[in-house]
Ligand SMILES: *[C@@H]1O[C@H](CO)[C@@H](O)[C@H](O)[C@H]1NC(C)=O
């Protein structure tokens, strides 16, 4: 799969000659043959590694929790969450104290219980790996909250086996519920897709419309928690009940990103920790005060007006969406066509110049919310607002505000300074125990096959690395050997049923991220 909508500036059109037509027919035949070969290959993948391309819903691995099942307290027996009513309505004396307690059947299950959720994350390379780790933690939380979660990470770097093994341990969802689960698939893309890495999720969503209850597209630095997902589901149901299912397709419940405004000029250390005293969450993308004149708006629809507000600048970097909305937006007319991946709008005389934001802004927000496109109205709940705010993990963008060419920055504003690459960073203390170092140390002490990642049928059931698109011939020479070695090591790891051997553990924990891209 190559990005199908790349710019070809300077394309000229001439009338085709007979030889051009012959060549065209030849190419078309070759293309169809190519498709046949590729689909045969995909079919093969379907039955081997790639759960995402499989026709049926994914088998979910439940770790070693099955034998424990007997001891898990069930609703109505033993542990039980306090009923919401009991908490919210303190006994005022008018009610008999010995009110009947709810029976098992009347205890509602969690809003996240058994939800089938497909999450796609655009994560170009290892630059933001620490943030991606936090993001993945949010989705394993979602499995423990009861949902069946399939995560697909689009990446251009080959993850070494030791890192995959660490993630296998960290992201194993030992929730015994048969309707909970977690899988992670790393979809390898060629690095030359560049900014178009954000495009791939859309086709997957539409291919899988019938298999999930919720779809999430996000980047590798936005912390999404079970609360975010539960709040989205709750509000989406509320919108439907307020305006009806059909009109509800004109809206989508959104999110607002936040950061913490640590002082501009201070790194927090023991000596400067009091500088945290005034630090607070900031919605840095929504500047302009007072907010309800400059950055936020009320909703016109009378049924929604009391409960929701919207942002004038509805960039989110991510979105959540239900299959019903995806269907409605596919059929929403020529300006929308939400299922059709295409380039962000640009200056017709200069296609390199975006007019409404970059490709990632386009795919995550502008195509959905832009008035000239799908024109969906973003909704943020008045009373649960904070539950639909998400942490932008790099915590850096608030520093841009008011700088030249950035939000709130006029021509006379100070420049947004970038490093020229000559900066030398002081390394941290070598005694600090790194995550991967610790993982390898544990595995050296407890070696051998323990079957933690072997599912039903004795097959490897851990993280999938799917490399269907990668022809290593196109990879630069110095990266090729490294990439091939990692892919081979991964295949060997899978065929062993997923455990590390000595050569996998000889990883340089300080250097493995360099020169990893294909
Ligand atoms: C916090 O804000 C208060 C009020 O503006 C100010 O007096 C105080 O110096 C601030 N503290 C720090 C550490 O900046």
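Glycine is no exception: its Cβ is also placed from the backbone N, Cα and C atoms.
TrEMBL annotations: computationally assigned, not manually curated.
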Region 'Disordered' per TrEMBL, picked from 20-63, 64-107, is residues 64-107
If I go by TrEMBL, the feature region 'Disordered' sits on one of 337-358, 359-380, 381-402, 403-424. Which? 337-358
For the compositional bias 'Polar residues' (347-358), DSSP counts of helix, strand and coil? 0 helix, 6 strand, 6 coil
